[in-house]
Amino acid sequence: MSDPRHIAIIMDGNGRWAKARGLPRSAGHRAGVEALREIVRAAGDRGLGYLTLFAFSSENWTRPSGEVSDLLGLLKLFIRRDLAELHRNNVRVNIIGERAELAANIRALLNEAESLTHRNTGLNLVIAFNYGSRDEIVRAVRSLARDVAAGLLDPSSISAELVSANLDTAGIPDPDLIIRTSGEMRLSNFLLWQAAYSEFLFLPCHWPDFRPADLDAAYETFRQRERRFGGVEPRASADAEEEILCPSTKGAAV
């Protein structure tokens, strides 16, 4: 199989990484940002077309207020510190998620990241912020319903393609590969519509330990698979894949 065009990552395990080292959760989030920087550079170096990162879920607001403040602070710091470098490296930034109820200063930062880089032609970095897939689908359905109510749309003409065109990810290809770190095996309300034919890779390492070598291993795993799209072609065995998962943490303490 050819290399993936679009990889999406659920960056999980910052808190557990910190706990295992006797550190506060905030230290795990800071380490996670360092891993994010490294992987964005690696993705660009490898010619990846699209990299989507689940940065902040719409459910994350229920976390302790101090942790939420830390996460928002890291987002703002990342954009202020890294946006110029992303722009120099020809990275285009796209933000998906609900923005209407965000604080004005956060909305301004997100808008700045998109507007500065919108002409870039390299890696498309898609940041899912205040994102929940069910909410995204509901908003798309409401948009279509308004068009129907206004007489602008015949209900019989609504198709999967039209729904896709009303999602936050309109114009972005569906992910070929979705990676989740930390050993959890669920999507957690991430790209539910778009993941219909994605390949999945659930890795045991926590996000701060994820390195370019692990990204390369994910590429190799993807190459071993046969995407069937409902067909009957065989795929690589799980035993074969297990040999190349998280090589950067082989023999290391969790």
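Backbone N, Cα and C define each Cβ position, glycine as well.
Features of the protein shown, as given by Swiss-Prot:
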ACT_SITE  Asp12  active site
ACT_SITE  Asn60  active site, proton acceptor
BINDING   Asp12, Glu199  Mg(2+) binding site
BINDING   13-17, Arg25, His29, 57-59, Trp61, Arg63, Arg180, 186-188  substrate binding site
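Among the recorded positions listed (Asp12, Asn60, Glu199), Asp12 has its Cα nearest to the Cα of His29 (substrate binding site). Taken residue by residue with DSSP, Arg180 (substrate binding site) is part of a strand. Counting Cβ atoms from all protein chains shown, Arg180 (substrate binding site) has 23 others lying within 10 Å of its own Cβ. For the binding-site residues Gly13, Gly15, the greatest number of Cβ atoms within 10 Å around a candidate Cβ is found at Gly13. Taking the C-alpha atom of Arg180 (substrate binding site) as reference, the shortest distance to any of the recorded positions Asp12, Asn60, Glu199 belongs to Asp12. Separation of the C-alpha atoms of Asn60 (active site, proton acceptor) and Asp12 (active site): 12 Å, rounded to the nearest whole number. Note: the Cα of Trp61 (substrate binding site) and the Cα of Glu199 (Mg(2+) binding site) are spaced 29 Å from each other. Cβ crowding, taken as the number of other Cβ atoms within 10 Å, peaks at Asp12 among the recorded positions Asp12, Glu199. A straight line from the CA of Trp17 (substrate binding site) to the CA of Glu199 (Mg(2+) binding site) spans 26 Å. Rounded to a whole number, the C-alpha distance linking Glu199 (Mg(2+) binding site) with Leu187 (substrate binding site) is 12 angstrom.
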